[in-house]
Amino acid sequence: MNTSAGNKTNIVIGDEVIYVPFVISIFGLIGNFLTFITIIKTNLRKNYVNKYILVLLASDSLVLLSMFVRMFVNLDTVSFALCFSVRFTWNTAIYVSNFAIISLTIERFFAIVYPLQHLRYSGLNRWKVICAWLFLLLLISCHHFFALRKTAHDSVTVQFSSTGSFKCSYDTERKFVDVIFHFPRLLLQFILTFVVVIVVNIFIIIKLRSRYVIIGETGPGEMRATNVLLAVVPFVYVLFNFMYNLKNFLKFFQTNKSQNIFLEHHYWFVVGSYFLFCANFALNFILYSMISPVFRKEFCRKWLRKRATIRPRSTTMTTKDVQTESAKKSLQMKPIETKTAAETII
């Protein structure tokens, strides 16, 4: 919906852009919290791969938290400083999330495809590696100082139906902003991660399948399930990220690259792709944690299975009772022994 006041036009965004991400953020924050606690409170924290997952959970939670807070107060409409802080935090968290996915995918690639060579670097301090690319991503995020500008004198502004107009906007008119912001943003947020996730996961699946073909087996059921999950990861990533980044990509080929004009003419495309993009951060804990059988067992043991408490029996047993219990135990052991023998033959 558009409203005009003199020479100024406001593009009004519906409240669904607040409510839908809010619901998504609740699901994602709960899942990230449970996953984070599961790793910290169990031996999973000793696995160096899970260090990347912890960073992924933290960055995704930061993105989801901004969606959650927007339900109550929209900081983008308060002042330019707050609007700048929100955009800076949002994009930096997305950069970190994508680089965590890239690092995690590459780490799994070498662990599965080249296990012996990967073992040589098991003593490498992953936190130092993480801190190095975190520092690099923070430096890259400084391009926001050149890409964001105030919207006080814009002829076309964007606002939510329940709040005021945004106090900052990305500069899409100056050419150098494309070079220092829009293209690096598209590269870091989608292209690089897209290539790594697609190529590496497909290569891992092919490698695992060929490994079992060579030894003449189809692989255990657990391994086949893992292969299915590995195939799902690139599919889900493309599904939830492609449309949102396609919108950013299309703006490079437009004569008028204004975000406001693009939103005005393709409202539901922009909003729908934004919903999918938000869902991506709420589902990463499933894709990159639950894919591990070890993690699934630890997660179920900690959160889903009830711990049965055995109460001591105070009654005394007679000699006849002892003989009866011994007979029951011997009868119960027979099927177990038969099953074990059958499994050994198979």
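Placed from the backbone N, Cα and C atoms, the Cβ positions cover glycine too.
As the structure is a computational prediction, the values presented were derived from the model and not from experiment.
Annotated features, as they stand in TrEMBL:
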- 31-288: domain 'G-protein coupled receptors family 1 profile' (DOMAIN)
- 18-40: transmembrane segment (TRANSMEM)
- 52-73: transmembrane segment (TRANSMEM)
- 93-115: transmembrane segment (TRANSMEM)
- 127-146: transmembrane segment (TRANSMEM)
- 186-206: transmembrane segment (TRANSMEM)
- 227-246: transmembrane segment (TRANSMEM)
- 266-287: transmembrane segment (TRANSMEM)
Exercise. Any contact between the transmembrane segment (18-40) and the transmembrane segment (266-287), i.e. 3 or more CB pairs below 8 Å with pairs at least 6 residues apart?
Worked result: yes
Problem set entry | Selection from 52-73, 93-115, 127-146, 227-246, the stretch that has most Cβ pairs under 8 A to the transmembrane segment (186-206) | 93-115
Exercise. Counting only residues 6+ away from its ends, which parts of the chain sit with a Cβ under 8 Å from the transmembrane segment (93-115)?
Worked result: 48-49, 52-53, 55-56, 58-60, 62-63, 66, 129-130, 133-134, 137, 140-141, 188-190, 192-193, 196-197, 200-201, 203-204, 207-208, 237, 281, 284, 288
